Every structure is written in C-alpha cells, then in structure tokens.
Amino acid sequence: MSKEGKTKGLFPFKPGLCTKSAHINYSQFPRSSEFETKYFEDTKEIAQKDLENIEAKKNTDYQAGITISTNRALRTKDREVKKPILEEQTKKPYFGRLDILNEEGDKETVYIGRNGMADDNDIRVYHILSAFGAIYNQSKIGDLSHDKLGEVTVNLKRQIESENGEFINFHDLKWDEEKGYFDPVLEKRLNDNAKEKLSEIWETIQAEQDLVMRKNISVPIFIQGSAGSGKTVIALHRISYLLYEHKNINPDKILIMAPNNMYLNYIKDISPDINKVNQSTFEEYCINRLPFKKNKFNMKDYFHYFKQNMEDDSEYLSIKEKGSIEYKNKLNDFLETSDFLEKYLPKEGINIEFDDVNFTFTLERIHKLAKDYIENSSFKVAKERVLKTIKQESKSKQGKKDWGFDDRGYERLIDKEILKLDKSWKIPSVFEIYFDFCTNIEVMKAIMVEEKAELIVENNKINKSKKLVTYDDLPALLFIQQKYFEGIGILHKRKNQSQPTQEGYDYVLVDEIQDYSPFHIFMIQQVVKNSRMTLLGDLGQGIFSPRGIDNWDTAFASLQGDAKDEYEYIELSTIYRSTLEIVNYANQILKPYSQDRYTLSNPIGREGPKPRHHKFNSMNNQLDQIISLCNDLDEQSFESIAIITKDWEEAFALYSGLKHKIKNVELVGESSKEITGGIIISPVYLTKGFEYDSVIIANASRDVYEDSYYSRKLLYVAVTRALHQVHVLYRNELTLPLMEIQQPSKAKNIREELKNNQKIKDEIDQSLETNKKSLITKVESELNTIFNNQAEEIYELKKKVARLEQEVEYYKKKYLKNKKG
C-alpha cells in the first residue's frame, strides 16, 4: 500500500530516465512499452549490483582472515540463501504487474515476481506468495475483496514476458467470450515441451490453484483432481506458501509423502523451497522408524502382486482387510487384552528371606504395575519403572531394620534377584507382537470369513518364518510401535544415528492419496500436529486395487477427532496438461467409473490432433510401427516420448526388441531414480505423476485389457500422461473401453453378444446345478430305500436269532434236568 512520503501521482517518466528509485518516491507508473522495458532493465541491474555486493563481502571476510564464528556463519548462510534468488532475478526479476485502486482510494502499481525485492523497506517487487500475489493470481478485473488488503479495484493485470534476461513483451488481461479471461503466457507454456513447461509454473498458476494453495493451515484438505489438473503445482505452492506465511514453521518440520523416489526427483528442481523439506515414500518412512535391521526383517516388493497378476494369492486377498479401519480396531482390541500383555510379562515374583527379614514383591503386583505403566509409556520404560519400584521398596524395608551388622549381604541378594528378573523379562519386538496378532486364527475370523482367514493366517506364518512384511502390514506395525515402543514422528540425531521421536510434523502433504488405505491415512494423521494435512489424489488413477480407496467417503471416515467433521473437500475443475482432444478422449474412457464418485475436470481448451489408432498384425509389425512413430515424433521436436505397456513383462519384452533399433531408449523400472527425457518404455503403474510430450500405448487389444473399471483406469492413466499426442496400437480388435469411443455400435453389439453368452452359460450352469441336486436327491432316496429294506431284513434276522437262542436255552436246561434225574 502507499507509504507516507511517497508521491501519490504518476512517475514522470521520459525515455532514458532511470527508474531505480521510482518505487521509493512514487506509487503509480506509466503503462507504456518504453517504461516497462526500462523498469525491467533497471530492476535487473539492481539485482546484479546486490549479487556483486554479496560476492565482495564474501571476499572481504576471507581477506580479513575472519575465523569461523557465529557471525560469519550467519553471513555465509544469508549469502547462500540470497545468492540463487539474486541470480534468478538478474534474468527474470518479475513476471507480472497490477494497477489497483486501494482501500484508501489511492492508485498503486505493484510488480509480482517469484521472489520479492526491496531496499530501505520500499518494495520494488512483491513476492508471488504475498497478498498482492493472491490478487494477481485471481485474474480478475474490477472490484475484489481481500482479508489483508481490504476492498480494492483491479484496473490492470499485465503479464511480463521475458527470456534469459531479455524483455520480450507484455500482455494485458483480456476477456474472451469462449475462454473467459485469456492467458497467453499459460497458452504458450502449455504448448512447450514437458520439462520447459514445469520450469515456469510460478508464472502460470491459476486462480483455482491459488485459492487452494492459500487455504487455512488448520483444516485437513482433501483434493480430487483429474490427471493434469495441477495437483503437483498446488502441492509445491502450498508448501512454499506455508513457509512464507508462517515464519514459525521450519522446512525440516514439514513432510512431503510421495509415491516413489522418481517422483521426488522429478519435482526437486521445480521449487527450491522443497529441497529443505522432508521428502519420503510411506515405505521409506516406516523403514526409518521401525527396527527392521535390528530384528533382521525385510520388505516384500510393493509391486510383487501386480507384476505377477496374483489375484488368487492369499496375501493379495488380505490387502483390503489389512488396510481397513476394522483391522486397526481389532488390532487395538487385541493389544488391550490382559492375555496379550501377560505373555510378555515375568513369570515369577520376588520373595527374599534374609535373617529375620522377608521381602516379597508378588507376581500379581509386578503384572499390575507393568500394565499400569504400559498404558502411558513404552515396554522398555514400564520395565525400568517396575524394577526401580522394587529396588525402592526393598531399600525401604532395609531402612526399617536395625541390622546390627553389615547389611551388604541383603543388598547383594536384592540386586541379584532384580538382575534375575531383568534378564528373564524379555521385551518383545514390534514384529513379534504383530505376528502374534495376525497369525491368531480366532482374531482373523472376526475380521473376514473363515476360509479366507485360514489362508491368510497360513500366509502370515510363512512371512514370519521368512522374516518378511508387506507394504500392507506397515500401518499396523507403526500402530504397535507408537503404542508400546519409541515414537514414529520426527527423526532426531542421537549418537550419530537418527532416532524416531514422539514429536509430530508441523505439516504433512501427501500426493496420490487414492493409493493409501484407510489405515495408512489414519497413521499419517498420527504423525502431524493438529491434523494439518493436504491430501491430493485422483480416484480415476487408483490402479493398485485392492490397495487404496475407491471413494472419498472412505478417506474422510479414516480421520480421527475433530478432523472427522472439520475437513475440507475440493474438486479441481480444469485440466491444464493435455489438449482438448486428449482430455475428451480420456474422460470418455473413465466416465462410467467416475459417475456418482466425483466430477471429471474439463480441458482448458488447447487444441491438438485427436488420439490415433494403429492396428498391427504381428510382433515384428508392432515394433516397426513403434519405431516409425518415434521417428515421426522426433522430427516434430518432441523431447519426451513414453511407450506405455500394461505390465512389466510386456515392457521388458518391448525393450528387448527395441533397444538395438531406437537410440538411447530407456527401460523404466522400480529401481529407476529419475527420468531424463528422450524415449522411455514403462509399465503404466510407473508413469503416474509424470508427463510426456507424446504417449504410445503399445498394445490396447481386446485380449490385453478386459472390459472392466480397472482396465479403464489403466488406460486413463496411460492416455493422460501426454501433453500433445496419443497413439494407440492394437492387434485384431481394440479393447472395449476404447472401441466404444471409436465404434460405439460395434462395441454395443459385442457387449450384447457377451451378455447373451453369459446368460446362456448361467442357464446351463443353473440347469446342471438343478440336475445335480435332483440326481443327488434321487440317489439319496434310493440309498434310503435300500437301507430301510436292509434294516427290515436285519430286524427279522435278529428275531430269528433271538428265537433260536431261546430254543437253545430251552434244550440246554432240559438236557441238564434229565441228566440230574
């Protein structure tokens, strides 16, 4: 706002006049091209001079021989922070301008940049994260209200376009009847290649994204955004905004949880702020807080089931149950039972007779004390407190006796018994407790049907014997660790090792939340203060089923405490990544799934070619067509091309066929750390979160992708990786979700035929089942008849035997009587 001492009138610019002090003395600036060019050049020079001063001070420190001290360390740190900012400002000091009428009725001109620039408390460039930045990002002309600036009128929004330190042009915000407010800089950036486009996200943040970024820190936020709607942009800006707005928050107390390390490497260069923020996958987070190494346990591969299509595997069947809140509740119930605790408590008390003194500490007292202490502390601390209590009471007993001789014998005996108790009292590991729970058949039967429970318990026993845990076991292990052992929060250095503490993070941001189970979400809430979280995802990209959530209500229900009723749910409305044609194609694929779950985002309107379909008749023909497409796309100067397959086996086979035919083609696997551009081959599940100039779906045949929601989501993810072009290869017939777009009547006829065939099959199965039941009934009847007849015959035979026995007895008695006579 205008400061006292400033002239409220317009800066009297003339060609060639220096503008370096204009922001100190004047609050309004001309709109001419000459002024804009000069102000831009002068601002660059100010940044360059400040950069030279920093280097000069650095050299002065060293030349003066200043030893390492607190002051010098502070100056060094200050230089390290300012230097990259100033280096950037010498090339692009700002990218926007606002002319406004402020609340006091004064006219002001403000410039907006990625970072601010000020001297003598007079601001020459405002930070994009400032209140003025919020007004700029709303892209509206006219009256606006802001909680800090009050009622203002925006008279001009001007975008300043520059490249490599050269002023190019400016664009004033204009209304377009079809597109609304037209953003030429955004239009240009969207037409850039993937890597170039991401490097300039600060210039092109949109109103919808800006509003989400500046949301209240205290309310948990769930964001549903279709592929390409800017969730990554929001995530990065949200972190930057919180650090800018809340000076009491340190970057090292913020956590970003991402799907994989490739994704983390992908975003690390976009926003310098996040490099100081904790970044981790959920799996890494757990490994750093659970005693895997100490107990010699290992993790199973996250993609184990998806690579091998093990849908009938008992471990695969357990995924949904292990991720449920019911599983968490049953685990808690199990841990609260006295039988569970007593298993890990001592088996004998203490009873000492020394001289005429008897000291007793019963087993019942030990158990009661231990259970009381465990309610508020770890197993280790509870044990220490019990042993300390025993020691104290034994000393109290000792103090009441006037021994009359050396009492060291009594003390040695007490110490011996306490040491014996200490050694016999073995503290269980978190893994031991967990496997006691998940191999208990009665507990598992309370969660799932008996047959399934038996399979899963048996599988858990095998994992226990092999010292393996799955990704889906991790929330339960964290739950036990938090309840009975060390903390699961921020890591602190102790004796050159990182140790988990009970301290929670100031803020947590999670991307791809649709791939986290309710139990995962519950545990994430446990490691952040006051439920301060932003959780971003897209149900349409939930391709790790049965992992994750299938509707947002399940995620909301995972929250605990006040957050259960105070969260905010936001649906992003616009897709910025892909062309109109690609977005419409993708939305048609996903619409049958998304209906009644959420609203699909709409394209911004950038046009391009429609997705093309290419039929191949052999594997060699498939390879030839892919090579031809890659050459064609390369000639169009596309820098990143993704050849996407359904699974890993297909990706590996394609790579084997193409690695000697396409130069520098790269196979992306789970161990890949980053994607450098060029041509990559990847299974679809490893492409989430990334974008490419063009996408080639290697084989979208009907026999590869079945007609299901799951296949629709796989195809949707693959298609939406593309900025500019999509090419779909198939053999014989397209998969039905794509055929219904290209040939709707044919797809309809095939589905009707399949439906009729299924109906006939069901009728045959029903008939066979009915005939089987009839046959069984007939056989049972005949057997009953036979058994009944046999029973009657046996009865008659028994009667005859009984009569014969009577006759034998009669003649026997008669014989004996005659013999006596």
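These residue numbers are counts, starting from 1, taken along the chain as shown.
For all residues, glycine too, the Cβ spot is worked out from N, Cα and C.
Just so you know, TrEMBL annotations never went through curation; they're auto-generated.
According to TrEMBL:
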DOMAIN    204-579  domain 'UvrD-like helicase ATP-binding'
BINDING   Gly225, Ser226, Ala227, Gly228, Ser229, Gly230, Lys231, Thr232  ATP binding site
COILED    750-814  coiled coil
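This view paints the features noted in TrEMBL onto the structure.
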residue	record	Cβ neighbours (10 Å)
Gly225	ATP binding site	27
Ser226	ATP binding site	31
Ala227	ATP binding site	25
Gly228	ATP binding site	26
Ser229	ATP binding site	29
Gly230	ATP binding site	25
Lys231	ATP binding site	24
Thr232	ATP binding site	24
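The secondary structure of Gly228 (ATP binding site), as reduced to three states from DSSP, is coil rather than helix or strand. The ATP site, placed at the center of the C-beta atoms of Gly225, Ser226, Ala227, Gly228, Ser229, Gly230, Lys231, Thr232, has further neighbours from the same chain whose C-beta lies within 8 angstroms: Asp538, Leu572, Ile575, Tyr576, Arg577, Ser601. The average pLDDT computed for the coiled coil (750-814) is 79.
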